[in-house]
Amino acid sequence: MMTSALSEKQTASPSADRRFFGHPLGLLTLFTTEMWERFSFYGMRAILLLFLTAELSEGGLALDETTGQALVAIYGTGVYLLTIVGGWLADRIIGSRRATLYGGIVIAAGHVSLALPSGAFTYLGMILVAVGTGLLKSNVSTMVGDLYSREDPRRQSAFSIFYMGINLGSFFSPLIIAPVRMAFGFHAGFLVAAIGMALAVAFFIGGRRLLSAEGDVVPNPIPRAEVPKVIRMIAFVLAGVAVLAVVASLLQGGWGMNAMIDTLSYVGLIAPIVAFVLMYRSPKVTAPERSRLLAYIPLFIAAMLFWMILDQAATTMTTFADQRTDLSILDLQIGAETFQSINPFVIFVFAPLFAWIWVKTNDRPAVPYKFAIGLSLAAVSFVVLAGGAWLAGDGKAPAILLICVYVIQTLGELFLSPVGLAATTLLAPKAFRGQAMGLWFLAPAAGSAITAQVVQATEGVSDVAYFGWTGVIAAVFAVALFAVSPWVRKLIHEADEAEGVHTSGD
């Protein structure tokens, strides 16, 4: 009873707590939880393609390059789609705190499974990590917001501190796991990721009493009569996970694997179309809201193409680093996955500068132009990569080429990503605003689905042609977005005038 009372006392008003740099101590719990979770995920992702395509004698699964790239890309689609499912489970059944805890445990189990030398355990581990990430990813962010009242001025800085933890974990994981993988093999690298996730779970359990009681609340519970049906459905899905792992292992590299990749690709591409149609045709959506929804479509397409390029860090760019890049820097041999630390490092360094610029310029340029600039920089990065590949010829490109490419892409991310969710929240119809995070995640899900199809369709195409044409096509869409940006702003303004409101950053 004393423990329960203490828990209630500590979670009743966390916003009054200022023990962590003026913030509630619960923020430290969530900061460390997410830091280690991102450490484990990005460490696993950094070596996943290398593991899938390495020869059996090297401890890999010996998938061909194209299948490996498509599988990793569609894996990204699955993770983003499952994040939407995780948000639904928290909202309707278990609450954000339990979703985060269960997700962390499932992720840790997945990394342990990946550390075991067996094809079936590999696919089981990938599925478990995806399911666990789906449960944890959006809900841990929700709990950060639960620490503060809506009027608390510390709320925005709290998310800045929280995202710093994300980038710290993402930065250090490839740097640590790469030498472990090179010295002791892939499964040792996955084991390091498992240790990182175990630390995340430990920090979360240890600090759970410091979190807001809101995390235990189910905001929109399903009717009690439907609970048994939902439980049966979850049990069926869990059983399907094990079956899918075995099937994937048996179909490894064959037509069955390609069919599975294609199916998930279609789901990733169709899902946003269905979401937009349902929203647009919903009787709960007003005419001004339909105008905003139309204005959001070009932004969504830009985000989809942007993430299609950026998330190739785990696929085509990893292959380029491994096969076409001189990995010797100052007589030090680095791993191909090391380059994936550049993105979080650049965000860590430049995000405060960008935030300062937006304040000084009154949040200008407007959101559509920020999206267009972000997509333009992503396009330029691939054109630069194509040029570097052309100059290298049959030899290997210098490491500085990939460093420049990652820096350009990340600068693009700083234009597009921070305003993306805010724009989604503002432009989504009021009846669907609670699902804005899910709508935003559909963009990278669809982008990864496109990558999965493109890498298969362009098998055998040179790096110069692949990166060059991908960059050019993205640039064309960026120019198109610049062209339609006045129309986008006009739709938003007209909707605002009809409702007597003002959309920030339009």
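Numbering starts at 1 and runs along the chain as displayed.
From the backbone N, Cα and C atoms, a Cβ is placed for every residue, glycine too.
Feature annotations, courtesy of TrEMBL:
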- 1-212: domain 'Major facilitator superfamily (MFS) profile' (DOMAIN)
- 39-57: transmembrane segment (TRANSMEM)
- 69-90: transmembrane segment (TRANSMEM)
- 99-116: transmembrane segment (TRANSMEM)
- 122-140: transmembrane segment (TRANSMEM)
- 161-178: transmembrane segment (TRANSMEM)
- 184-205: transmembrane segment (TRANSMEM)
- 230-251: transmembrane segment (TRANSMEM)
- 263-281: transmembrane segment (TRANSMEM)
- 342-359: transmembrane segment (TRANSMEM)
- 399-427: transmembrane segment (TRANSMEM)
- 439-458: transmembrane segment (TRANSMEM)
- 464-484: transmembrane segment (TRANSMEM)
Taking residues 6+ outside the transmembrane segment (399-427), which of them lie with a CB under 8 Å of any CB in it?
292-293, 295-296, 299, 302-303, 306, 309-310, 313, 317, 320-321, 325-327, 329, 334, 339, 342-343, 346-347, 350-351, 354, 367, 370-371, 373-378, 380-382, 384-385, 388, 392, 433, 436-437, 439-440, 443, 492, 503-505
Can you give the mean pLDDT for the domain 'Major facilitator superfamily (MFS) profile' (1-212), rounded to a whole number?
87
Are the transmembrane segment (161-178) and the transmembrane segment (99-116) near each other by the rule of at least 3 C-beta pairs under 8 angstroms (pairs 6 or more apart)?
no
At a threshold of under 8 Å on Cβ distances, which of 69-90, 161-178, 263-281, 342-359, 464-484 pairs most often with the transmembrane segment (39-57)?
161-178
Near the transmembrane segment (184-205), which residues from the same chain, at least 6 beyond its ends, have a CB less than 8 A from one of its CBs?
29-30, 32-37, 39-41, 43-44, 47, 50-51, 54, 59-60, 100-101, 104-105, 107-108, 111-112, 114-117, 125, 169, 173, 176-178
When counting C-beta pairs under 8 angstroms to the transmembrane segment (263-281), the leading stretch of 69-90, 161-178, 342-359, 439-458 is 439-458
Outside the transmembrane segment (161-178), six or more residues from its ends: residues with CB under 8 Å to it
21, 23, 27, 30-32, 34-43, 46-47, 141, 144, 189, 192-193, 196, 334-335, 337-341, 343-345, 347-348, 351
Same-chain residues at least 6 beyond the ends of the transmembrane segment (69-90) whose Cβ lies under 8 Å from its Cβ atoms:
45, 48-49, 52, 63, 96, 98-99, 103, 126, 130-131, 133-139, 142, 218, 257-258, 261, 264-265, 267-268, 271, 311-312, 314-316, 319, 435, 437-438, 441-442, 444-446, 448-449, 451-453, 455-456
